Amino acid sequence: MSSKEVKTALKSARDAIRNKEYKEALKHCKTVLKQEKNNYNAWVFIGVAAAELEQPDQAQSAYKKAAELEPDQLLAWQGLANLYEKYNHINAKDDLPGVYQKLLDLYESVDKQKWCDVCKKLVDLYYQEKKHLEVARTWHKLIKTRQEQGAENEELHQLWRKLTQFLAESTEDQNNETQQLLFTAFENALGLSDKIPSEDHQVLYRHFIQSLSKFPHESARLKKACEGMINIYPTVQYPLEVLCLHLIESGNLTDEGQQYCCRLVEMDSKSGPGLIGLGIKALQDKKYEDAVRNLTEGLKESPVCTSGWYHLAEAQVKMHRPKEAVLSCSQALKIVDNLGASGNSLYQRNLCLHLKAEALIKLSDYDSSEEAIRTLDQISDADNIPGLLVLKSLAYRNKGSFDEAAKIMEDLLSSYPDLAEVHALEALIHFTKKDYLQAEKCFQRALEKDTEVAEYHYQLGLTYWFMGEETRKDKTKALTHFLKAARLDTYMGKVFCYLGHYYRDVVGDKNRARGCYRKAFELDDTDAESGAAAVDLSVELEDMEMALAILTTVTQKASAGTAKWAWLRRGLYYLKAGQHSQAVADLQAALRADPKDFNCWESLGEAYLSRGGYTTALKSFTKASELNPESIYSVFKVAAIQQILGKYKEAVAQYQMIIKKKEDYVPALKGLGECHLMMAKAALVDYLDGKAVDYIEKALEYFTCALQHRADVSCLWKLAGDACTCLYAVAPSKVNVHVLGVLLGQKEGKQVLKKNELLHLGGRCYGRALKLMSTSNTWCDLGINYYRQAQHLAETGSNMNDLKELLEKSLHCLKKAVRLDSNNHLYWNALGVVACYSGIGNYALAQHCFIKSIQSEQINAVAWTNLGVLYLTNENIEQAHEAFKMAQSLDPSYLMCWIGQALIAEAVGSYDTMDLFRHTTELNMHTEGALGYAYWVCTTLQDKSNRETELYQYNILQMNAIPAAQVILNKYVERIQNYAPAFTMLGYLNEHLQLKKEAANAYQRLQKTKILTMLQ
């Protein structure tokens, strides 16, 4: 085929491609290639046709062949680029950059526009493959080309900005050249901005600063960029914040940096970087409180500032707040570990570890010391730094490993003999071993080398404080060093605590001591010793307001289970002030802190007791006695509460336990006597007179024992009088009480007293009580005692002159009681009872007294009943009925008013008489009610004509009248043994019950009574 034919075939192939007859084109091209294997155009046309027929492999081979034949021709390279762009060919990612690069070479001198288009495509490809350096270099060429072409500033600005967008997204993976190209792009983009200032320009500046802040080595450029943005946008916080944080983290917070921080805080009072900067400045100026406040607030807003946490910990250590410092250091270390192990972060990490170890050692406990050693082991090259070795030795000392501590100290002494810290360490080890003389010498050596260390002065003062006898007496040396320490370190709370000890224990100046304790506690609110001492001294100085203020401050901050000393003291304050509910709450909080403190349990028991919570108080005192079995007081309170609750037998058992431990414990002896007295009264109510006599005998025995130890206590004499008078209602034949001779004025032995002797002894006991303390209550009791003696004389028919004298004495005593306390209704009532007694018969006085009693206490069923009895005695039936009726309305369960109504019914011949008497027996046992009911039962039984009536059926049969009357009459005759009709009725009732033996016994006693009456 001639060359003309080849041209014709190529033309036909071109026309076929133009007409989209791609297969036809392939035929023509193959025809050409048979003739000319290396025909460039034929291979290009095959590539085009194959690509359109979706035969990418064939197209790629054709284009590559053409490019090999003529590498400087565009068509093949353009086709290959189009093919790779159209199809995601297997070789596209690898080959396409080279294709674009070849096109750039070919277009560079031919077509600048196409060169730019290909350049952009190449950059996109590099960007997808994260080839940041190639992106930067290629885009730079593009910008340079456009600059040479005279592109407008706006276009160039957009190109530079586009480059920043390409590179800013992944700065961590970039090398130095890429980073420099990125920063150059930002600088050029900022310089070419047409509107300055503007929102767009501001955003670009912010992105530039963000990128720079990721590279610590670009600090100069970052500072320049921030200052540049500050100049253009003086009201925008962002550059100031970045710049301040950068200066803070780099440790280069100069005066200029401080001005930036101040400016930032002026713009935003809560700015994190600004406040952190101000905090660091305050720390440098030794204004530690301001430093802590500003740093704390700043770190709330900027919590990932390592230097901020470190400086906060530093300030906290200076203020002797080691727990808080440990937490701050831990936070700083957490941030450093997250940042990775760069050179700067390693330096920061070592600083934080050092400070954390120092804070942990200040905590002094075993666990903290263990952690301090672990912390020091993490510091690089720690074994070659003397300051860190000193800390390690202190940690071993704190945990009790004195051998390890001493070994490190000895090595340090040999290697660093001129270091003050080493001599102070040696002194502390001697101090721990109580070798105070050696400790003194070592501290003095440390102070010779560095006299401005407060800790050395404090420790030397402490050494003098605990030193030998001379120094203990003369504490002036200790005072001198304590004062120097306080001057050098005004935040050292423990030195103020010892100054407080000095002024309290040595000088005796309580006000000054309290001031020192308060200062110590203000500096360290965990110092329970200082807080407690400040409160206790305030209480001694009667400044309760200050004491309460301190306690309230502590308890408001205290978490559950802490600050026991404060809760306990405030609880005791409230207990003393009568605010029992608050006292209970505070004492419970104290127990949450220490559940095994028996003193707290006792105090809580007192609080419950004060507000009437006897059951809970009992539990509290029981718990206290379990925790401290030797505590007599706890057992005593348990017994006393059981006594209040009426559990007399249990109380007696508890009191007996105390007496076994301490025979002369008067409160327990008194309690035993009171319990037996109360049991005697209960027995009398149940008409168990024999038991009552036994109980009274025991009660008198215990009261006598108590009086042997404390004859000067008025209440013991009064209680003895109560015991003697208690048996006034018991039949004389039953009263034979063994009384210790001591109570009767004899030195030893016992004496048996009859009823009259016992009552007389009661009067004497009341007399002794009144000599010791004249009280209205005791005067009343003495008056009643004389009345009971007079009653006994009247019953036995003894000397009437004595009877009259006793009644006059009784009236005199009761009038004395009324004069001392005219508002006491009981005294008026007692005076009224004596006044209307048959031996006196002053009914006007009696009426006046009962009315005064009612006026003093309106809910007064007793006085109304007595007034009713007075009216009934004087045959004023209607008035008596109204008085009894009023008593019934005030207290329906009061027995005596019902007996009064029964007597009125009997007097007027009412059908209700028997019902009323029966009701009195149902309420309780009383001799008058029992006799009345028995009389009506017997009367009804004697009338044999009424057996079939409903009245008989109900009153006698349905109500079991005969057994009921027999039971109460038995009780009656046990107490009143000289009333013949009672024995007659008892015998009669026993006969009805077929109790013939008991009936015979009753009749026999009837005969004896009659004989005795005749003899008398």
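Glycine is no exception: its Cβ is also placed from the backbone N, Cα and C atoms.
All annotation found in TrEMBL is predicted automatically rather than curated by experts.
Given the structure is predicted, the values throughout are model-derived calculations rather than measurements.
Sequence annotations record features per position, and here TrEMBL assigns repeat 'TPR' to 40-73 (among others).
Through the fold, the repeat 'TPR' (564-597) approaches residues 528, 531-532, 535-536, 539, 544, 547-548, 550-552, 554-555, 558, 603-604, 606-608, 610-611, 627 of its own chain, all at least 6 residues removed from its boundaries and within a Cβ separation under 8 Å. Marked as repeat 'TPR' by TrEMBL: 564-597 (among others).
Residues or ranges marked as repeat 'TPR' by TrEMBL: 598-631 (among others). Panel annotation: around the repeat 'TPR' (598-631), residues 564, 568, 571-572, 574-575, 578, 580-581, 583-584, 587-588, 590-591, 637-638, 641-642, 644-645 of the same chain, lying at least six beyond its termini, place a Cβ under 8 Å from a Cβ of the stretch.
Under the heading repeat 'TPR', TrEMBL lists 861-894 (among others). According to DSSP, the secondary structure content of the repeat 'TPR' (861-894) in residues is 27 helix, 0 strand, 7 coil.
For the repeat 'TPR' (40-73), the mean pLDDT of the prediction comes to 74.
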